[in-house]
Every structure is written in structure tokens, then in C-alpha cells.
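*Asks:* A single structure is presented below for examination.
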Amino acid sequence: MKEAGQMQNLESARAGRSVSTQTGSMTGQIPRLSKVNLFTLLSLWMELFPAEAQRQKSQKNEEGKHGPLGDNEERTRVSTDKRQVKRTGLVVVKNMKIVGLHCSSEDLHAGQIALIKHGSRLKNCDLYFSRKPCSACLKMIVNAGVNRISYWPADPEISLLTEASSSEDAKLDAKAVERLKSNSRAHVCVLLQPLVCYMVQFVEETSYKCDFIQKITKTLPDANTDFYYECKQERIKEYEMLFLVSNEEMHKQILMTIGLENLCENPYFSNLRQNMKDLILLLATVASSVPNFKHFGFYRSNPEQINEIHNQSLPQEIARHCMVQARLLAYRTEDHKTGVGAVIWAEGKSRSCDGTGAMYFVGCGYNAFPVGSEYADFPHMDDKQKDREIRKFRYIIHAEQNALTFRCQEIKPEERSMIFVTKCPCDECVPLIKGAGIKQIYAGDVDVGKKKADISYMRFGELEGVSKFTWQLNPSGAYGLEQNEPERRENGVLRPVPQKEEQHQDKKLRLGIH
């Protein structure tokens, strides 16, 4: 047992050394999220990728196959199978760079989607799953020659918790997974690292101070300032129910079934559960920083041009989801003052097999110093330093620049491509974004039009040829219709909000949950 714990700690330490920073050796004055934990959190977050439209489409197809009533026995069997197979998020990593963000669809598991999307390019990749993959996925992934498979140590993809799993099929699948694991070259493991000291506190403080929350408080100064904390508590409850096993004995039983019996004894078990809870708290905190807040979202300031496909906004829940991806990336920053994250997605001409629908991942990045540099190679001072020669601004690579540099897909001019940035793009990045052919920018607008000592944000407001969607109240006047006929904008079209969504027990701000 002691050796097992030492091996786990050794594996965690190795992973920490290999992915601690972009530069490989730099340790800043602020806490940073390790790459292992970043990939883990992104896999959990991808499991939550909005799929309402896909479910509606599936329901219509189901009625088309079986008629309005359908074959009850067949529909019951399909429903039972789907309850047993848990939706799963997946992050594909190559050379410590993200090359794919995926989630399960109605028809395919996350691992199967990765095989379809990446094929033989999966060789030597690391895969981070939000649940332990099933044998059907694992056999193909292992066959592709992946390097390492990491998973979240709770209920696996073939659920061991649901009533549907009582047929023993889930246990048989777990045994098959263990046999595949034992006889493959790929390292199948749990990579969870304890968060660095003060990381949770730092994330809480910076999330509340981020552009999106501050825009709400400045726009509505009389509003209840507790809305952010109320939203966070709701998210924590939701994510703990989804990603944790509340009953400790049941959790131990699952761990033993999926081959992690070495983690069932203390202190390993208690440490594991604490690390999992800390990561869920961090995810809920970051997700709450881009809240599903009534009448706030990413809108064009001049919404009159919404006819062309490149000018149409994404559904708000998808835009928020992608912005939270960027917010998570920002906690890998090497800038002591301001963390910025950016993620690029594109939308194909038709829906694909992925749970993300027609959307596919292009690239991502955060602000950092050049790859391979050491901590003392470049200045780290901001504009408070009078000597301009030892300021950081001429040396740091911006998040948008890293996302463009390390993109894994080409940006196609005929498709709608979009970049999500946690802060307004500066004058250095705006022409790069336009020149790359990106059609849409989603960002905060707190700094628009400002000119600071070493960085300015003048070009964003003047940018033409790229649709800009900034975090703001719906400019079409939906907020003023609150007492009459509430509406919300989706894909550039105002749609009525169901009456039941309007009820909110004496709260000045209403927040929703994904």
C-alpha cells in the first residue's frame, strides 16, 4: 500500500515537472494552475458542453423512426442504454499542447469521436477523460498508439451508479478495461495534483474582479451584489452531484471495480477526495464568472446587421461555455498582474459526429513569455516601473498570439471562425485576428478605447470586417421589457422567455445554471 502511494506521488511529481510552466522552469509570484489540472478541468467542462439543440434533433429523429407513440419496448431499451452510458468530455494533448476538445454525442462516445477526428494522429498523444473510458473506446485508443490516458476517478463512462448497471454489464466492461490496460503500452492512470497554496482563494478573488462580473456591477449599481456568490453556490452543488460520489463507501466500491483499490485506504482516499473537491470548487468558481445572467450576454453593439451568417451570434449558452474555457486558460498565465486566455473555434458547414455539433476546436493560448525562456530572462515589471526598458510589455506573448501560433487547424475563409478572449484585444492583436481571417470576436469591453502607458485598446472599437460580440445588456431593449414580455436573443433573433423562468423570489438579479 505504501509503495502504491509513493508511485502515485511520483507520477504526479513527474507530470508536474513536465507541465509546470510554458517556459519549463519559471515560478511566478502568483499561484498557477498546472497543465495536468488545466487539462483535467477542461475535460470536466467539456462534458457540460451545451447540447440542447442536439437533444431536440435526436427526439425528432426518434419520433420519425417509431411514430408519435413508437415501439415502447424498443424506446425503453434505448433510454436505459443511454442512462447507463455517461456523457464524457475529452481533451487531446500532443507535446503538451491542446489539439482537440470533444464531448460525447447522442450516437458516439468521446473516445470514438477522437478516433474519427484525429485517426492515426493520436499516436503519442495524451488523452484526458472526464470519466474512465469504456472498453469499446479504450481498445481503439490503445490501438492508435496513444501515450497516456488520464481520467477522473469517479463514476466511469459505463455507469456503476445507475439502476441500469445492475445487469452486471458495467462490471464486465470494467474488467475488460482493466485487461486492456494491463496488456497495452499506453499508461492508463489518474493524474490529479493538489492545487498550489492559495490557488482557490486567488481564483475566487480574480473571478469576482474579472471583466464580466464587474461589467454587471457597473451597469446595474443598485443590484444585489451577492448574485455572484449565489451563482457559485448553485454551481458547486450541481457539479458535486455530477462529478463526485457523495457516499464514501460507494466511491470506494467504484474505485475497486475500476482497478484503483490502492486508493481506497487512508490517507490516499481522503487526499483523493479532497483534491477532487478542490478542483470542482475551482471549476464552479470560474464558471460563475461568466454567469447566465438575465439580459446579459455577448451581443453586437450595432445589432442591425444580423442577416449574414458570419454576423449571427452563437447561442448564448455556447458563447458562455467557450469563454469559460478561455477563463480557465488564463490561470496558466506568466503575467504577474493580468491573466488572459483565448480559445479559437470554428463552425463547419454541417453538424459532425461530435457532441459540439458543427463547431470544432482550432487553438488556444494564454499570455506567457517565449517558449524555452527562463524566469530571469525577461523583465516582469508593469507600467508602475518608471524605467520603460525593464517593463514586460515588449517581451510577453499575448493569449491571442499564442492561440494563433499553436493552432491545430487552419482557419478556413468560407467557415465561421471565432475567438473568445477574456479581455478586450489590444492594438497589437486586433490586426492579427483580422489578418488570420477570424470572423467573430467575443470579449469583454471594459478597456475599449483606453490608452495606457505601454498598451492601448483603440483599434478594437474601430475594427471593421470582423463581427464583435461584447459582454453587455441586450442592446435590443429586452431589459426594458422585463415587466411585459421578456425576450432573449439567440442566433441574432429575439425569442420569448418561458414565463416560469421569470420567477425569482425577491432577487434583483436572476442567475441560471447550465
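Backbone N, Cα and C atoms are what each Cβ position is placed from, and that goes for glycine too.
Features from Swiss-Prot:
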COMPBIAS  1-11  compositional bias 'Polar residues'
COMPBIAS  18-27  compositional bias 'Polar residues'
COMPBIAS  59-83  compositional bias 'Basic and acidic residues'
BINDING   His109, Cys134, Cys137  Zn(2+) 1 binding site
DOMAIN    317-482  domain 'CMP/dCMP-type deaminase 2'
BINDING   His398, Cys426, Cys429  Zn(2+) 2 binding site
COMPBIAS  485-514  compositional bias 'Basic and acidic residues'
*Asks:* Which whole-number value in Å describes the distance between the Cα atoms of Cys429 (Zn(2+) 2 binding site) and Cys134 (Zn(2+) 1 binding site)?
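*Replies:* Cα-Cα distance, Cys429 (Zn(2+) 2 binding site) to Cys134 (Zn(2+) 1 binding site): 42 Å.
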*Asks:* If one measures from the C-alpha of Cys426 (Zn(2+) 2 binding site) to the C-alpha of His109 (Zn(2+) 1 binding site), what distance in angstrom results, rounded to a whole number?
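*Replies:* Cα-Cα distance, Cys426 (Zn(2+) 2 binding site) to His109 (Zn(2+) 1 binding site): 39 Å.
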*Asks:* In the same chain, which residues outside the set His109, Cys134, Cys137 have their CB within 8 A of the centroid of the CB atoms that define the Zn(2+) 1 site?
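*Replies:* My list of surrounding residues reads Val85, Thr88, Ala110, Gly111, Gln112, Pro133, Ser135, Ala136, Leu138, Glu157, Ile158.
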*Asks:* Quick check on the binding-site residues His109, His398: which one has the highest count of other Cβ atoms within 10 Å of its Cβ?
*Replies:* His109
*Asks:* Which are the residues of the chain, His398, Cys426, Cys429 excluded, whose CB is within 8 A of where the CB atoms of the Zn(2+) 2 site average out, their centroid?
*Replies:* Ala399, Glu400, Gln401, Pro425, Asp427, Glu428, Val430, Leu432, Ile455
*Asks:* Rounded to the nearest Å, what's the C-alpha distance separating His398 (Zn(2+) 2 binding site) and Cys137 (Zn(2+) 1 binding site)? Just drop the number here, would you?
*Replies:* 37
*Asks:* Across all protein chains in the structure, which of the binding-site residues Cys137, Cys429 has the highest Cβ count within 10 Å?
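*Replies:* Per the Cβ count within 10 Å, the most buried is Cys137.
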*Asks:* DSSP secondary structure for Cys137 (Zn(2+) 1 binding site), reduced to helix/strand/coil, please.
*Replies:* helix
*Asks:* Would you identify the secondary structure of His398 (Zn(2+) 2 binding site) according to DSSP, in three states?
*Replies:* coil
